[in-house]
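This report refers to the structure that appears directly beneath it.
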Amino acid sequence: MALSWAAPSAGLRLAGAIGAAILVVDQLTKWVALEQLLEPPRLIEVTPFLNFVLGFNTGVSFGLLENDSAHGPWLLSGAALLVVAVLVVWAARSDSRAEAASFGAIAGGAVGNVIDRLRQGAVTDFIDLHAFGWHWPTFNVADIGITGGVGLLLLSGLWPRKAVGDDAPTGRDGARR
């Protein structure tokens, strides 16, 4: 019996490309943050409302569910990887570009934070937003991917679906060429 592999779906390819891009940008920016902000501890004022300051998060996005136990990083990483596996299946089955892009952004961000958690026991955060007496918890590019992916997924329900691959040219009879 010969094994055969089907080509990845268009949704899975889109999700993979977006997830990989977020993962690479996340890991590169965290590396730069660690190099520039760790020794000596520094705060870089970028604008009146944006600083770069190093923080380490043992919980999930934006410091939720902080966990200092020895098993915390492994439990959160396992849960995140399970979610990523589900997102990959959904992306493979999705016929919506917005959904596939959302799944990729969420998965890429989740994997970026899992890498930190397994490598150093906590996620590296460095983006610090504040304005008008309001201060958002420090976050990173992976968190932007996760939050943006969830937001896009919610918004995608508000407009008509456009299938992955809908950009293919069509003839007068409407058939794809």
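In case you wondered, yes, glycine gets a Cβ from its N, Cα and C as well.
Copied over from TrEMBL:
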TRANSMEM  6-25  transmembrane segment
TRANSMEM  46-65  transmembrane segment
TRANSMEM  71-92  transmembrane segment
ACT_SITE  ASP125  active site
ACT_SITE  ASP143  active site
Intrachain residues whose Cβ lies under 8 Å of the transmembrane segment (6-25), provided they are six or more past its termini: 87-88, 91-97, 99-101, 103-105, 107-109, 111-112, 141-142, 145, 164-165
Rounded to the nearest Å - Cα separation of ASP143 (active site) and ASP125 (active site): 9
